[in-house]
Amino acid sequence: MEDDSRPLLSSEQTGEDYLQRDSTNSLDLRTKRPFHVERKNIINDGPQETVSAEAAVLNSRLHYYSRLMGSSDRQLSPPDHVIPQPDEIYIYSPLGTAFKVPGSDHTSKNPSIITIFAIWNTMMGTSILSMPWGIKQAGFTLGVFIVIFIGLLMLYCCYIVLKSPKSISCVDTSDWEFPDVCQYYFGKVGQWSSLMFSMVSLVGAMVVYWVLMSNFLFNTGQFIYNHVHNINVSDSELETNGSEKVICPYPNTNPGGNNTISTLFLSDNGNVSDVNPFERYWSKTNTVPFYLIILLLPLLCFRSASFFARFTFLGTISVVYLIVLVTVKAVRLGFHLEFHWFDKTEFYVPEFRLLFPQLTGVLTLAFFIHNCIITLMKNNKDQKNNVRDLSVAYLLVGLTYLYVGVLIFAAFPSPPLFKDCIQPNFLDNFPSSDIMVFVARTFLLFQMITVYPLLGYLVRVQMMGQLFGNHYPSFLHVLILNILIVGAGVLVATFYPNIGSIIRFSGAICGLALVFVFPALVHMITLRRQGMLRWKTAISHSLLILLGVANLAAQFFM
């Protein structure tokens, strides 16, 4: 039994042993004998209690070679290509559970710099487009302070999440994520509530993606149509007259309100009903959101999302290009700032505004990585540097948000335009004829088309796994789920295309549980079990929970 419990490769055996097959030192043939379990004898109690078909085939192949080998015949021993790599070795229990054998090498681990930028790239999402709008809603001075404060607060809560599995000593938590920790402490309530709030963040992101993809596809098509037909469009909205045009799509905007595109602007001949066929069938809210269904609904039904995962590098390219775009626009436009601390003027907003909870809601989603931070940090080579690397990553994310938000806000030309014209998607403040903005929209459109199926795959895996115990129960189940998700995106893109409000509500809802309530409660329960809970800690973390509740409640009054 001692020999049968060994993994597929002995830990004492190195790669040099394979190169010395013909040496006089004989190999112990038993070191290559797997602990084999026939697939028909594996108990199938759940989706995680079954050895995969690929693993079963590998075991059968090794079992076949082991039957061919004699006690001294080495010519029929398993060839090297049949033996799995060290990082692919599993031990299979009779119940069907596959335990991965930790390798002695660290080739699969990432250095700190890779881990830092992986966190940075994961957090950089659509919230970066709303950062100038959020700073405008809070006021310039208060907005900068809130970005720093919320960033530090989210970093502390993320630190609690990162160390939470280590405080559980009676259970193996090596493959746990924070929802598993919530289930351990709060049972079914923690399991389902963490799942529900995680779904809010994912579905909210997919809805925002649909609105932005409709926006980018519309403007990209408009640019191509005008260029092909040699049409020189003069935007009907308020705009600057310089070489770097900036527009104000909603000149009658209500600060903090959810405005829609004004229909009071007349065309050049003054006839509102004179609309060409292209404008009739190429509308940002009436037609383009429906065109996306033809492309994206079939992609959501793919059984695997591995193909789309290859294009995740486009996210980094898009963010880098946005930073370059913001820098170029700021240099060409210059800074336009006046400080009015509490009183609003015609062109400027006060430094402190009561609409600041809109920014806190956006930032809660912008800094949100708590539901996957444990997995990201497991791949860090130096585990003792996890806290340092996490802090550096949050610092880079905060600086990126501040850089984009502050530069766009400061460079927005006031006068002639007023700061309240800054849109929830700051690219809407540039005309469709702007070539640099056209490139940015095209990059972001292609990136979102590849990321959207990945988000849908995560929703499907979590929801179907919990409800049916299978990530792909049937095509009909998956199709119904995808239709509901796509339908939500189409409805919002048609009737309420305000990504600022969608982001702040999604951030406040999912942040309430996964950022404020559960981390604070887990931390206090852990300290209490260790006999180290003090009243100052209890009060401060109770205030943290109240802050999350207030953040969500305030969104309904903005």
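Glycine residues also receive a Cβ, built from the backbone N, Cα and C atoms like all the rest.
What TrEMBL records for 115-229 (among others) is domain 'Amino acid transporter transmembrane'.
Residues or ranges marked as domain 'Amino acid transporter transmembrane' by TrEMBL: 292-547 (among others).
Under the heading region 'Disordered', TrEMBL lists 1-31.
Beyond the ends of the transmembrane segment (113-134), by six or more residues, the same chain brings 143, 147, 205, 208-209, 212, 312, 315-316, 319, 322, 358-359, 362-363, 365-369, 372-373, 376-377, 379-380, 389-390, 392-394, 396-397, 400-401, 404-405, 408-409, 412, 422-427, 499-500, 503, 507 to within a C-beta distance below 8 angstroms of the stretch. Here TrEMBL flags 113-134 (among others) as transmembrane segment.
Taken from TrEMBL, the feature transmembrane segment covers 140-162 (among others). Within its own chain, the transmembrane segment (140-162) is flanked in space by residues 131, 134, 178, 181, 337, 339, 341, 349, 351-353, 356, 359-360, 363-364, 367-370, 373-374, 377, 386-387, 390-391, 394, 397-398, 401-402, 405-406, 409-410, 515-516, 519-520, 522-523, 544, 547, which lie at least six positions past its ends and keep a Cβ under 8 Å from the stretch.
Residues or ranges marked as transmembrane segment in TrEMBL: 195-212 (among others).
Annotated transmembrane segment per TrEMBL: 288-306 (among others), in sequence order. Tertiary neighbourhood of the transmembrane segment (288-306): same-chain residues 210, 213-214, 217-218, 221, 282, 449, 452-454, 456-457, 472, 475, 478-479, 482-483, 485-486, 489-490, 493-494, selected by CB-CB distance under 8 Å and a gap of 6+ residues from either end.
Here TrEMBL flags 313-335 (among others) as transmembrane segment. Note on the transmembrane segment (313-335): residues 117, 121, 124, 128, 243-244, 246, 400, 403-404, 407-408, 410-413, 430, 436-437, 439-440, 443-444, 446-447, 450-451 of its chain, located 6 or more positions outside it, place their CB under 8 angstroms from a CB of the stretch.
Here TrEMBL flags 355-377 (among others) as transmembrane segment.
Residues 112, 115-117, 119-120, 123-124, 127-128, 131-132, 134-136, 140, 143-144, 147-148, 151, 154-155, 158-159, 162, 246, 319, 322-323, 326-327, 329-330, 333-337, 363, 366-367, 373, 377, 380, 419, 421-422, 426, 429 of the same chain sit 6 or more residues outside the transmembrane segment (389-412) yet have a Cβ under 8 Å from a Cβ within it. The transmembrane segment annotation in TrEMBL covers 389-412 (among others).
Look at TrEMBL and you will find 435-455 (among others) tagged as transmembrane segment.
What TrEMBL records for 475-496 (among others) is transmembrane segment.
As annotated by TrEMBL, transmembrane segment applies to 502-526 (among others). Within the chain carrying the transmembrane segment (502-526), a Cβ under 8 angstroms from the stretch's Cβ atoms is held by residues 126-127, 130, 154, 157, 160-161, 164, 167, 178, 181-182, 185-186, 190, 193-194, 197-198, 200-201, 204-205, 207-208, 211, 357-366, 368, 370-371, 424, 492, 496, 533, 537-538, 541-542, 544-545, 547-549, 551-552, 554-555, 558, all 6 or more beyond its ends.
TrEMBL lists 538-557 (among others) with the feature transmembrane segment.
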Contact call for the transmembrane segment (355-377) against the transmembrane segment (538-557), three or more Cβ pairs under 8 Å: yes
DSSP residue counts for the domain 'Amino acid transporter transmembrane' (115-229), split into helix, strand and coil: 100 helix, 0 strand, 15 coil
